[in-house]
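Visitor: Got these off Swiss-Prot a minute ago, pasting:
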type    : residues               : note
BINDING : C396, C402, C437, C441 : [4Fe-4S] cluster binding site
BINDING : C441                   : siroheme binding site
Amino acid sequence: MAQATATTEKLNKFEKLKLEKDGLAVRDQIQHFASIGWEAMDPGDREHRLKWLGIFWRPVTPGRFMARLRIPSGILQSQQLNALANFLQRYGDQASIDITTRQNLQLRGLLLEDTPEFLERLHAVGLTSVQSGMDNVRNITGSPVAGLDAAELFDTRSLIQALQDDLTAAGQGNSEFTNLPRKFNIAIEGGRDNSIHAEINDLAFTPAYQDGTLGFNVWVGGFFSSTRVAPAIPLNAWVPADHSVIRLSRAILEVFRDNGSRGNRQKTRLMWLIDEWGIERFRQVVSEAYGAPLAAAAPELMDWEKRDFLGVHPQKQAGLNFVGLHVPVGRLTTEDLYELARLADTYGQGEVRLTVEQNVILTHIPDAQLPTLLAEPLLTRFSPQPAPLSRGTVSCTGSQYCNFALIETKQRAIAIAQSLEAELDLPRPVRIHWTGCPNSCGQPQVADIGLMGAKVRKDGQMVEGVDIFLGGKVGYDAHLGEKAMTGVACEDLPDVLRQLLIERFGAQARSH
């Protein structure tokens, strides 16, 4: 594990934990942990260091762990889905799978004694979960239609895979980047519609031409936390669309690793270092670490409204299509994994892609196969054309599995969306994002309507409620929403949302 530059600030408890023992050290102890059981483990190993392997202790479900994978660009193969389902089916109803807002999968129900086998099975099908938690670079996101979209400017798939391989030592764990001051999100966009939500990443690359050469402008510092929300800002830098992206990513990570605050945990994301130094000094130090002067930013090319990729769309490959399917709040079962793999093999070329909206895309579907695919039973649940509120509903895990969540989110999100759709006609889809706590995993600030879990007082009792954000925009001219209402009890939420949809989004009551 790389050591941070010496500092006089008081280290937070997580930094002390990392100094006591390298997070990656638990790789060599996983068989031992499996044999002694979770109750006998050192709490620091069980509750924190296992996260370096992508294994998460869940206090809400004692003894049942969560695994978070790494899926660059959200691209999976059918054999990988089948392998995951084959492993998880032993847990029956205790197993569930969530698509995340970083094109990733989180698998729930894992028993500690099964983790050695689980990690071996991941490796056997080319998957890894290493460095997917704690102070590491998280899943690297990209356009979910990279290589398929006729309008794309650059196919980012191989670049994103190469960057992940570099930062994780091809999935084995890279100690150069396992001791960051805090987690770090990277995204690379190759299209015109900001499918990656560049503004909410610590580091984002967006397409731009410099003197006729296609490359990327660079954005830094975007993040959500319980105490602050900050959109990414321009670094005023451009790099060509080649290994320079990896070099610059490494340089920025090294600067962050060696200079970022390790004191107050609420002030350790990259933007706090940029605030302390100013963007010009930060750019200069990054340039020195990069080993060359940084070219100034070029004109931006992201000028489209964001697409959600649901429905049938022709690919750049003649006669082939991709089909986006809506997965309600991203929740899957083991049977769903089997079915998605079967559909990908039967109708396409065995590929399934995940989106940041928690949906899936089946690719390479021939024109002649579309009618049969669209008649498949799974598509009655995972619709290519969902109703306008369900279509844009995103939700974090909520209190069912997360100890940070203040409210239940997923089932409530589905129920309220369906109820309002039965009562209202909407002229366009409205994106509603739910997050169970201020950590904002559900990204409420990018939604038309964002709902953040809170405990509120009603009739003298503390009940589940939300704060409401309005005005988030994605795609061209993206910006974050602002908190507009606080302390709304969840039982009052349907009426409040109904009024918002009528007053702000042109909804009209249906006549019955």
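Glycine is treated like the rest: Cβ placed from N, Cα and C.
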Visitor: Taking the Cβ of C396 ([4Fe-4S] cluster binding site) as the centre, how many other Cβ atoms fall within a 10 Å radius?
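Guide: Taking all protein chains shown, C396 ([4Fe-4S] cluster binding site) has 31 Cβ neighbours within 10 Å.
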Visitor: List the residues in the vicinity of the [4Fe-4S] cluster site, defined as same-chain residues other than C396, C402, C437, C441 with C-beta within 8 angstroms of the site's C-beta centre.
Guide: T397, G398, F404, A405, T409, T435, G436, N439, S440, G442, G453
Visitor: Given a separation of at least six residues and a C-beta threshold under 8 Å, show me what packs close to C437 ([4Fe-4S] cluster binding site) in the same chain.
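Guide: Spatial neighbours, sequence-distant, of C437 ([4Fe-4S] cluster binding site): S226, C402, F404, A405, L406, M452, G453.
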Visitor: Could you say which of the binding-site residues C402, C441 has its Cβ with the most other Cβ atoms inside 10 Å?
Guide: C441
